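Visitor: Below is one structure. I have some questions about it.
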């Protein structure tokens with residue numbers, strides 16, 4: 001018996017990609033943006049097919065993402081931001097609502113929403129995940145978006 005496997009590839013199909021980016025903690029977020037754009041371009045996406053949309057912070061990213069999905073015109077949305085834990089419960093509220101909101105948008109509109117919003121305990125962890133020891137989570141989110149666009153195209157073709 002041969003099992004059939006369907007999985008996405010990182011070869012960019014024709015498509016447009018939106019990066020919805022929270023400006024708060026920009027010293028980290030800009031590295032995520034650079035990583036995401038670099039990963040998309042290295043995998044065949046033209047810069048003219050990438051649009052960066054800036055929101056004030058991570059809490060606002062889901063609403064902006066919803067509007068982008070609602071308007072159409074993009075094959076995937078890549079959410080990028082950074083929420084760094086402080087001394088109050090604010091971190092839990094922002095991180096949780098951002099995560100839930102992005103998942104809802106993806107399911108509601110049937111569009112891949114790649115999650116590149118860092119939720120970390122310290123500035124050091126944020127820096128590590130934006131291009132040093134732990135790689136670049138922006139680039140990883142971009143690869144996730146490419147793979148999901150490919151996978152959904154295959155599923156829709158069946």
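Heads up, the Cβ atoms here are built off N, Cα and C, so glycines get one too.
Since this is a predicted model, take the numbers as computed values, not measurements.
According to Swiss-Prot:
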ACT_SITE  90  active site, proton donor
BINDING   24, 58, 59, 60, 82, 83, 84, 115  5-amino-6-(D-ribitylamino)uracil binding site
BINDING   87, 88, 129  (2S)-2-hydroxy-3-oxobutyl phosphate binding site
MOD_RES   88  phosphothreonine
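Just tell me what is around each of these and how deep it sits.
Guide: Classification of residue 90 (active site, proton donor) by DSSP places it within a helix.
Annotation note: residue 58 (5-amino-6-(D-ribitylamino)uracil binding site) sits in a helical segment as assigned by DSSP. The Cβ of residue 58 (5-amino-6-(D-ribitylamino)uracil binding site) lies under 8 Å from the Cβ of 22, 24, 81, 82, 83, 94, 95, 98, 117, each of these being in the same chain and 6 or more residues away along the sequence.
Listed in sequence order, there are no same-chain residues at least 6 apart in sequence whose CB falls under 8 Å from the CB of residue 88 ((2S)-2-hydroxy-3-oxobutyl phosphate binding site).
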Visitor: Max CA to CA distance in Å over the 5-amino-6-(D-ribitylamino)uracil-binding set 24, 58, 59, 60, 82, 83, 84, 115?
Guide: 16
Visitor: Can you see whether DSSP assigns residue 24 (5-amino-6-(D-ribitylamino)uracil binding site) to helix, strand or coil?
Guide: coil
Visitor: Please tell me which one of the recorded positions listed here (87, 90, 129) sits closest to residue 60 (5-amino-6-(D-ribitylamino)uracil binding site), measuring Cα to Cα?
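Guide: Nearest listed residue in space: 90.
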Visitor: Looking at the binding-site residues 24, 115, which sits with the largest number of other Cβ atoms within 10 Å of its Cβ?
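Guide: Of 24, 115, the one with the most crowded Cβ is 115.
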Visitor: For residue 115 (5-amino-6-(D-ribitylamino)uracil binding site), which of the recorded positions 87, 90, 129 has the nearest Cα in space?
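Guide: For residue 115 (5-amino-6-(D-ribitylamino)uracil binding site), the closest Cα among 87, 90, 129 is found at 129.
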Visitor: Name the residue among the recorded positions 90, 129 whose Cβ has the smallest number of other Cβ atoms within 10 Å.
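Guide: Counting other Cβ atoms within 10 Å of each of the recorded positions 90, 129, the minimum falls on 90.
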